[in-house]
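A.B. asks: Below are the structure tokens for one structure; questions will follow.
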Ligand SMILES: NC(=O)C1=CN([C@@H]2O[C@H](COP(=O)(O)OP(=O)(O)OC[C@H]3O[C@@H](n4cnc5c(N)ncnc54)[C@H](OP(=O)(O)O)[C@@H]3O)[C@@H](O)[C@H]2O)C=CC1
Ligand SMILES: Nc1nc(=O)c2c([nH]1)NC[C@@H]1CN(c3ccc(C(=O)N[C@@H](CCC(=O)O)C(=O)O)cc3)C=[N+]21
């Protein structure tokens, strides 16, 4: 079977193009969309994310500010910083890069971000709205994945979606979004028994675990749509996903490459979300994809 590549680079360009006019309209009203990223320490995937985020924001004329904090920073310091950013009207989006070091209670930090500025959609209020199928903001990675289904006209309604991984960034919100689109959803994780028996039943398989090439051709149903979220370095320092592309290729009907799949879409959606928030902050009468 010929596997069709879901081209995230190309689709991200399309998403970014639809932002240009909206950003210009905001600027003509004296509003410059601004995103603040807080980084504590940082893993490999985070470094890639920060670099690409910057590049894209700069191209679009979205202002970004990185605040880098020592790995040993006190939780109280981080909370004070978030309070200041919450109160700053020039800031439309706040993103705290995950994972955070162990001494910091990630829940407390995420709770502290004002829901209206929570570009990742992590705040319990935003998570709750998403689960009630009335989202205020969508987490960027799952939102980006959803765009593939729309762009390539891939039906989700009634399909069996199996998600591997249940993180707050990817697995959980992805499950909610797919459920909101009338899929039948199975969420799996490290305690799941007979995982590969379940992955083989998936019409749509979404893998986000952070284990290089964990899912192979034998683990998927022929013709399945496979979304590879993973960002890992293999032993040769090469960027690889959670899916073994050599064996999944020609068995899947559609597959996202790594790089060039989900990653660029996450960034495009982050930009879009920042613009959405900037528009809402001014009660701006613009086009809003999540409220349309
Ligand atoms: N391209 C992009 O835009 C993005 C890429 N990523 C990448 O995606 C990957 C996952 O990220 P993230 O969701 O943050 O990861 P986390 O480490 O937060 O979560 C990993 C999840 O995978 C589960 N898991 C781990 N090992 C197994 C296993 N052997 N079998 C089944 N489930 C397992 C864990 O289960 P349990 O809960 O039981 O521990 C957990 O739910 C990483 O490679 C990350 O870099 C992440 C975000 C965006
Ligand atoms: N609060 C929070 N939200 C996140 O969404 C979040 C996070 N923390 N922590 C880290 C992970 C990782 N992540 C990536 C996003 C894009 C690329 C990306 O641009 N990937 C390119 C890489 C290309 C290259 O090599 O430069 C691609 O796949 O084509 C990578 C990784 C978001 N994450």
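Numbers run from 1 along the shown chain.
Even glycines carry a Cβ here, placed using N, Cα and C.
Sharing the record's features from TrEMBL:
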type    : residues      : note
BINDING : 165, 166, 167 : NADP(+) binding site
DOMAIN  : 6-120         : domain 'Tetrahydrofolate dehydrogenase/cyclohydrolase catalytic'
DOMAIN  : 139-281       : domain 'Tetrahydrofolate dehydrogenase/cyclohydrolase NAD(P)-binding'
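Walk me through the surroundings of each of these features.
C.D. replies: For the recorded site, residue 166 (NADP(+) binding site), the DSSP three-state label reads coil. The Cβ neighbour count for residue 166 (NADP(+) binding site), using a 10 Å radius over every protein chain in view, is 18.
For the domain 'Tetrahydrofolate dehydrogenase/cyclohydrolase catalytic' (6-120), DSSP puts the residue distribution at 61 helix, 19 strand, 35 coil.
For the domain 'Tetrahydrofolate dehydrogenase/cyclohydrolase NAD(P)-binding' (139-281), the model gives a mean pLDDT of 97.
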A.B. asks: Would you list the DSSP helix, strand and coil counts for the residues of the domain 'Tetrahydrofolate dehydrogenase/cyclohydrolase NAD(P)-binding' (139-281)?
C.D. replies: 54 helix, 26 strand, 63 coil
A.B. asks: Check each residue in the chain of residue 167 (NADP(+) binding site) that is at least six apart in sequence and keep those whose C-beta is under 8 Å from its C-beta; list them in sequence order.
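C.D. replies: The list for residue 167 (NADP(+) binding site) reads 208, given in order along the sequence.
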A.B. asks: In sequence order, which same-chain residues at least six apart have a C-beta under 8 angstroms from residue 165 (NADP(+) binding site)?
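C.D. replies: The answer is 171, 188, 189, 207, 208, 209, 210, 229.
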